[in-house]
Amino acid sequence: MFPNIMLKLFLLLFLPSLTSAAMSATSLVFEPATLGTPTEITFTFTTSTAIDDTEQIRLDMPGFTRGSRSNTVGSNQLDQTLAKRSPSSSWNVYWYEGTVASSFSDSYMLIKPVQGTAGAGAGSTHIITIDRFMSISANCGTTATQVFRLVDESLGETVVGSGSRTAFGGGCYFTGTRVDVVQPIDKTWMELSFQFTPAMVIGAGENVTFNMAGFTNHNFTGISSRINKDERVGYGGASMHAIPILPEASAEIFTSHWREGTYVKHAAGFVNSTFELTVKSGKSLTPGTTYSLSIDRVKNKIGTMCSIKEDFDKITISTNAVEGVVSKHPVQHTDAVGNGCKDLNYCSGHGACNYCTETCNCEHEYGGVGAIVEEREIRKDCSERVCPAGYAWGTLPTAGDAGHSLMECSGAGRCNRAQGACICFEGFGGAKCERRTCPIINSEMCAGHGTCLSIRHLSSKLDALPLSNPTNYFVTGDHPPIYGGGREGNIGGVGNITWDEKTLHKCHCDSTWSVGLGSGETQEPEYFGHACQLKHCPSGDDPLTTVDETDCSGKTAPGGKGVGQSGNKCFVECANRGVCDYETGLCVCFKGFWGSACEILKDVPGSEEEE
């Protein structure tokens, strides 16, 4: 690669005699060897003759620059502090920047012993490291071939040895690449203008190729009468259909060829159409020089079947130049063709434009593929968000075992499309409006005297009403749910999952006494009502009977689902001898009875109320 800028190391030694001059153990190592990246340079050599402080070593560095690998020139540099030396003798290092037009083949470095030092004696080995902070980098790829030459004051050359060097892989580049379109309307002919600046010499017979994805020089039906009429096959990608007519100045440098791409039915085809420029015999392209040309609209009849977006990355530039091969690289600027999704606000930044159908393929959360959304309820420009979907409360079943299809906001709310959040109807809650909420009293859920739980959760609690003795899905040490598919972590009843086990909710009311069917537990809680808004009064034994009404051993609890164990307590409000105020939870006792539960007769001998 790069025969006329191949890295050659010239050693310019102002010596009195060249007859015995020679060098050995010579090498030039670059780390890292990455194009465009500043590299540390380690130069190793062994002298056969002395070098004093009046002499210098010149390293020609073709292809290297202190610029930014963008067809720009860097600066010269003297920085002796960044050169590391071995052995102890010191060297000054000077960098002289080459020119873009020569592909930096005229860049070089001078290495001089510091004035007043002994320099380098004959037969001595030296290692000089040029620090990467000097920002020297390879402009294009280089090879590992290296020859060392000695040049005297009369420019006579003597080969004094050869050595290894680190190669830089990769190709070169173009800058300022553009494809501009006059009359950029799809399905019409248009004038095309091309511009590029090479970083390498492109010689006679070498090509610059633009891959013109989406462009064709046939009619815009996708059917070619010149090749065949089989839409499944379409055009042959290697067929030459036109020789574009270039402006006179460009025609003096190039010959040009249009090669038609392959048609793809109902898609953005012709992705392999190419416009190829071949440098004529006796001509060459100079690095750093901008070349521009155009092809005629009417005479060449080139256009597109579909719209094409601006800066289309499938429109590329490449070259087979020996001095710097460039694989297909996206052209830096290409004009848009056609309307595309302009009328759809370019999909609002939340979708991809289909440039053939001029429609948006929105992202999932903006109504794209797989999103659950009513088509008529969302804009096609991807500007509105989809809300989360849940199993609908009110849809018709589609089969005997298939109902509650997915709907936005579960069909129980409306979607705020700016935020993608459901606004649930009264009585519904959750991100998807997927659950019935518990009642709110005085701005508090369950009046502040209970916890809102799902049916599934309620069925697993021993103190939830109606009380029951669990017999199904029994797990030692746990009380599994009687309703639904199983408690979290207990999926023994997974086959019996019901739709509403997690969607319907009820208040589980608080109580200052233990509630349940066990010994010492009472069969009613302190707070009750659909919102736990009411408060039971204290329970007590009726003082006018001989039995203990609070003994619920073996008695069925309200609701008929469970039986009290030995020592279980029935709830006898106000001992049946008073009326409960459910707002305060205080008994109003009948005449002749007193106590918090009206459980004491006033005229009982020995009572505290007896006078």
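Placement of Cβ uses the backbone N, Cα and C atoms for every residue, glycine included.
Automated prediction, rather than curation, is the source of TrEMBL annotations.
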As recorded in TrEMBL, which of CYS574, CYS598 forms the disulphide with CYS589: CYS598
Across all chains shown, how many C-beta atoms besides its own are within 10 angstroms of the C-beta of CYS580 (disulfide bond)? 19
If you tally other C-beta atoms within 10 angstroms for each of the disulfide-bonded residues CYS570, CYS589, CYS598, the top scorer is CYS598
Same chain, outside the domain 'EGF-like' (566-599) by at least 6, Cβ under 8 Å from its Cβ: which residues? 516-524, 526, 529, 534-544, 549-555, 609
I'm trying to understand the geometry here, so how far is the Cα atom of CYS580 (disulfide bond) from the Cα atom of CYS589 (disulfide bond), in Å to the nearest whole number? 8
C-alpha of CYS598 (disulfide bond) to C-alpha of CYS570 (disulfide bond): distance in Å? 16
